[in-house]
Amino acid sequence: MMAEQPPPLEATPLLNEVPLLPHMVNGDSIQQVILVQVNPGETFTITTEDGHIQCIQGPAHVPMMSPNGSMPPIFVPPGYVSQVPSFLLLLRVDNEVISPFFAEPRSHGRTNFIQRDERSLKMQEHLKKRLKDRQASGHTNNKLNSPPSSPHKVLNSSNATIPNGNGKGQQGAVGALKQKQIGKTKGSPEVSDIQARSAVLSWNLPVSSQNGESHSHSPAAFTFEVAISNSGKNGKFKSVYVGEELTITLPDLRPATDYHARVSATSSSIKETISELVSFTTESCEPDCPAAPKLINRTKNSLSLQWKSSNDNGSKITNFLLEWDEGKNGPFKECYYGHLKQYKLTKLAPSTRYSLRLAAKNDIGMSGFSETVTFGTAGVVPPAPAPPTLLEAGVTWMALGWSPPAGGALDDTLTYSLDMEEEGSGYGFQPQYNGDELSCTLRNLRRSTSYKFRLFAYNSEGKSSPSEVVEHSTKPDRPGAPSKPAVKGKIHPHSVRVTWEPPKDNGGSDISKYFLEISEASVGRWEPIYSGAQREHVCDHLRPGTSYRLRVSCASKGGESQVSDVTTVTEYLLEMASSEQDERRVLYQGPAAEFAVTNLLPGRSYSFWLRAGNRVGFGPHSEKAEICTAPGPPEQCCKPLITCKSATCAVVSWESPACNGAEITEYRLDWGQVEGSMHIIYTGPCQSYEVKGLTPATTYYCRVQAVNVAGAGLFGDTGVITTPPSVPAAVAVLHLLEEDQVEISPPLSTCLAIQWEEPCCHGAEITGYNIEYGEKQLVTVGRNTTHVLENLLPDTLYRIRVQAINSLGVGPFSHSMKAKTKPLPPDPPHLECVVFSYQSLKLKWGEGPSRALIPNPTQFNLQMEDRFGRFVTVYNGPCHTYKVQRLSESTTYHFRIQAYNDAGEGAFSEVCAFTTTKSPPAPLKAPKVIQLEENTFEITWEPLQPMKGDSIVYILQLAAGREFDQVYKGPEPCFRLPAAQTNCEYRARVCAGRQCHDLPGCPELCGPYSPSTVFSCQRREPGPAAAPAGTELAQSGKRLREERAIAIALLCGFAVVAILFAVVIQYFVIK
C-alpha cells in the first residue's frame, strides 16, 4: 500500500550512485533510465499519472525513465540510508512538478532500521570510497551533484533547488509560498563523530521567510531542546538537552543501536518549531562486563562454574576469559579461554577458597572483568576442638573462650556450638551458643553451681566430634543476715550468754565465720567481741545495771553479709494457763520481746501473763490476755465399721472425730482391693455409705478422712472386709474350634466343637458347666472347658451359650454364639469306562465338564487297586473324566471313586473292574520284491512272533492304479505274484493281523500297513534276475531324494524372506 507522505525532505540527488542504463531514443527526445533495485521482503510503491497506486514486491529491478532526459532528484526518508538509490524518487514530466511519492521498504515484524548485514557494510564502504574520490577530483562545489558527507547522515532540506528540464531551478516542491513561514531551519540537524556510546549533534538557527525574503534571528533569542528515541520514529522520545548551544555531544548511548533525534526551538516571539528527524546508528564496541560466574557443583577437588553472556554491543561474543587467584589471594591468572559458557576447575585442594572473575571478548575488544566471586571446594569435617576454658566467672554468669581446632584448614569458615549440662538437672547437655566467635558469656546461671561444657566445630561439610568435657562453677553470693541474737539462760550482773541462728540464705556456700558486736545503749559505738565459727558466745566483763545492744554478721566465700537486727538485753517472764482453773506455768524467761508458743491445740482458748524483770527483780503480772488459736483440721477418724449385706454389697459406717474449732463439712471414704492403692469412692456429710458392685470372695480395704474449712484431717485406721462367696461369674470367652484344633476330628456335619475360658469362681470351686443350644436343649458337662456337641442336624444354624456351676448355684449365661453345622458329604458318583484301549482306559463319572472350567466345590478322589491289593489315588480334582494310561493289554483293573467337599469326604463307591483290549501287531517294514521270471515276482517281508499265544496272519495288498486290492492273506511271510502285466507299475504293501482265539468268533486285530514298495514288470534282459527290481528301487530312492531336496529349498527360501521382512520392519518402521 502507499506509504504516508513524509515531511519535506532535502533533495539528495545521488546521480553518480544510481546505476544508469544507456540512453534510449524515442523520436526527438532522449530518455534517461534509472534502475531501482527492490530487495526481498520489501515493497516498492509508486503513484502513476492517472492517480493509481502500483505496488511491486521484491526481489525486483524497476526501470524508471525520464521523458525529458533530465535526472530526477532522489529523496531519502529519515533514518534510511543503505537503500538510498532505491526508495525515494521525485519525477518531473513536461516541466510540471508531480507530488513526491514515498517508496518505503516493508518487512513484517521488523522496524525500518539499517540492517547491518554484509551487503549493507559493503555498500557503505563503497559510498565512502566514492566520496573520497569526488573530493579529491574537486567536485565538491556543486551541492546538488555531490554525495553525502557520511553514509550515517540524512541530508534533508526544504529549500533545495530542483532542476527542471531546461536546467533552471525552482523554489520548493510546490512553488513559492507568499505567506510567512515559521519553523523552517536553515539546515537540518547533522550527526557527526559517531562513537559507540556518544555522538555529536549540530543544527542551524531557524529562519523565517515572507514574500521570498529570509530573516535570521539572534542565537540568544532561542532555547533548543534535543530529544532522542531508540524505539523507532514513532516511539517515545526522551529529552536529553535544553539550552542555547547549536552543537552538543549525546552521551550515554548504547552501542550498535539505532537512534532518532529531533531539535525543537522556542522563543518569546516565535512559536515552538520542531525539526525533522535525523537517524543514526552508534558504532559497535567491546561487550558489557558479564555477570559473575555461578557455582553449579563442587567436590573436594573440583569446581563446576557456569555463566551467561552479556550484551555483545553489536559484535558477537567469540570467547570468554576466566581468571583465578589459584587459591593464594595473589594476582589473577588465566584458567580458561574459549567460547563455552561453563568450565570445570579440577585438581584443586580440599577446603580451599578460590577467587574468580570473568570477561567477554568479541571482534572489537575485551570487556571489563565481572565482580570477583569466591567459591570453596568441599572438604572434611573439622577435628575435635580443645575444651573451652574459663575466662571469668560471676555469681550468675560465666565467660568462656576457646581456640580453633588444631590441624584444620586455615581459610575454612568455622562455627562453634557450645553445650552445657547443669549438675543434677537430669536434662543432659543443652545447646547454649552457636556462632563463629571464639568466646561467649552465659548468663542467668545459678550461683555456686558446677556446670559441664563441651564444644563442637562446624564447617560446610558437617559437625566435628565433641571436645573433652570440662567442668566450671559460678561463684557463690553474699550470705543473708543471721537471725537476731537471743539471750540464752539467765542474765548475770557481769555476763550474758547469747546465741543466734545461721542466715536463711547462705549465698551458695558454707558460712565460715560469724562476727558479734556489742554496744552500750547510751554510747552508740559498736565494738567487736567475737569472731569465729560458733553460734554461741558468753559476753563477759559487763557492767551491772547497764543496757547493752548486740548484733551479729557472717562471712563466706561469697563475701560478708549485712548485720542482723539489734537485740537489747532485758529479761521477761511469760506464763500461760489453759483455763482459769489450771495452774500457771512459765513458758519463757529471757530478754527477747517476743516468743512463739508451740504445741497448742487448734480452736482452743489460752490465758497469758507477762512480767518484766531487771537486776532488782521481777515486777507485777500484767493483765490476763486470752488468745484463741485458729481452727485446725479435724482429728483422725476411728476405724470404720463394715457390714456385708450380700456378696456384692457392703455398708460402711464411722464416728465423727473432734472438729478442732470448725464444723466438719464432709467425709471422704477411701476404698480399694490393695491397702496401698485405694481411691476415694464417696465424699459427703453422711456418716455411712453403701458400696455396691463388689466381687464375691474378695478382700477390700477402706479408711475415712474428715474435712472442715481449715483443711482435711488425717486418714483413720484401715478397715478390712472379705465378701462372702457367690455363684460363678459369666463365661467371658466362647468360640468354635476348627477341625485341626481337635485331637479326634468329629464329623462336622453333625458335630460342633466349642471351647471357653474358665470364669471367676467367686470363692467356690466350679464343679461343671451347662451348655444350652438349639431349642433350649441343655447339656451338663464337667470341669473341662471344651466339648463336642453331637447328633446335630446337618447344615443347621445353632445358638450356643454356657454357664458355670459351683456349690452355691449356677452363674449367668455367657453371650450367645452362632455356629452352623456343615452339610453332609456327597455320595459317590457312578463310575464307567467310556473308551477302552490296549494301554489306557478313559473313565467317566457324574454329570459335568471334562475339564474344570469353573470353580467346583465338589472334588473327586479316583483310586486304582495295585498288584498288592491296595487302592492308590490316581486322580484328585474337580473333573468328571480321567484317562488312566500306561496299562497292560488284556488286563483287568479295579477302580473306586469318592466325592468330597467342604462338608467332608463321602463314602467310596463299589469297586468297578475294567479290562484293557488286546494290542494290534506292530507295523511291518516295506516288502521286498524280486522278479523271478519275465511276468513272475516274489514278494517277501519280515515275519512277526506270535503275541501271547495268538497266531499272526499277513494281508498283502497290491495296487496298479489308485486303489489297493487284497491279493494274499495267510500266515506265510512271502507271496509269488504270477502273470504280471508288462510295462505296468505296481505298489505293494503288507500288514499283520492278530487272531484272538480266546474271543468269541476269533476276531482279528490288524496293525497298520507298511510303506509301499513300487515295482514294474519289464522285459527281462540278460543279466541278474534281480536287476529290474533293483533298478525300480534305485529310481524310487532317487525320486524320494529329489522331493526332499525340493522341500529343503522351499524351507530355506521361506526363512530368508522372513529374515528380510524382519530387517525391513526393524529399520524402517521401528527406528
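Using N, Cα and C of the backbone, Cβ positions are placed for all residues, glycine too.
If you look up TrEMBL, you'll see 126-191 (among others) marked as region 'Disordered'.
Marked as compositional bias 'Polar residues' by TrEMBL: 137-147 (among others).
The compositional bias 'Polar residues' annotation in TrEMBL covers 155-164 (among others).
Feature annotation from TrEMBL assigns domain 'Fibronectin type-III' to 185-285 (among others). When DSSP labels each residue, the domain 'Fibronectin type-III' (185-285) comes out as 3 helix, 48 strand, 50 coil, counted as helix, strand and coil in that order.
Helix, strand and coil content of the domain 'Fibronectin type-III' (289-380), in residues and according to DSSP, is 0 helix, 39 strand, 53 coil. Residues or ranges marked as domain 'Fibronectin type-III' by TrEMBL: 289-380 (among others).
Summarised as a single figure, the pLDDT of the domain 'Fibronectin type-III' (384-477) averages 88. Taken from TrEMBL, the feature domain 'Fibronectin type-III' covers 384-477 (among others).
Here the region 'Disordered' (463-503) has, by DSSP, the following mix of helix, strand and coil residues: 0 helix, 11 strand, 30 coil. If you look up TrEMBL, you'll see 463-503 (among others) marked as region 'Disordered'.
Away from its own ends, the compositional bias 'Basic and acidic residues' (469-478) comes close to residues 387-390, 393-398, 400, 445-454, 507-509, 556-561 of its chain (Cβ-Cβ under 8 Å, at least six residues beyond either end). The compositional bias 'Basic and acidic residues' annotation in TrEMBL covers 469-478.
As annotated by TrEMBL, domain 'Fibronectin type-III' applies to 481-576 (among others).
Summarising the annotation, TrEMBL assigns domain 'Fibronectin type-III' to 630-726 (among others).
For 738-824 (among others), the entry in TrEMBL reads domain 'Fibronectin type-III'. Sorting each residue of the domain 'Fibronectin type-III' (738-824) by its DSSP state yields 3 helix, 38 strand, 46 coil.
Positions annotated as domain 'Fibronectin type-III' by TrEMBL: 825-920 (among others).
Summarising the annotation, TrEMBL assigns domain 'Fibronectin type-III' to 923-1020 (among others).
Residues or ranges marked as transmembrane segment in TrEMBL: 1045-1070.
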Surrounding residues of the region 'Disordered' (463-503) on its own chain - C-beta under 8 Å, 6+ positions past either end: 381-390, 393-398, 400, 402, 405, 417, 419, 445-457, 509, 511, 514, 516, 535-545, 548, 550-567, 569, 571, 589-592, 615
Same-chain residues at least 6 beyond the ends of the transmembrane segment (1045-1070) whose Cβ lies under 8 Å from its Cβ atoms: none
Contact between the domain 'Fibronectin type-III' (738-824) and the domain 'Fibronectin type-III' (923-1020) (3 or more Cβ pairs under 8 Å, separation 6+): no
Within the domain 'Fibronectin type-III' (630-726), residues counted as helix, strand or coil by DSSP: 0 helix, 49 strand, 48 coil
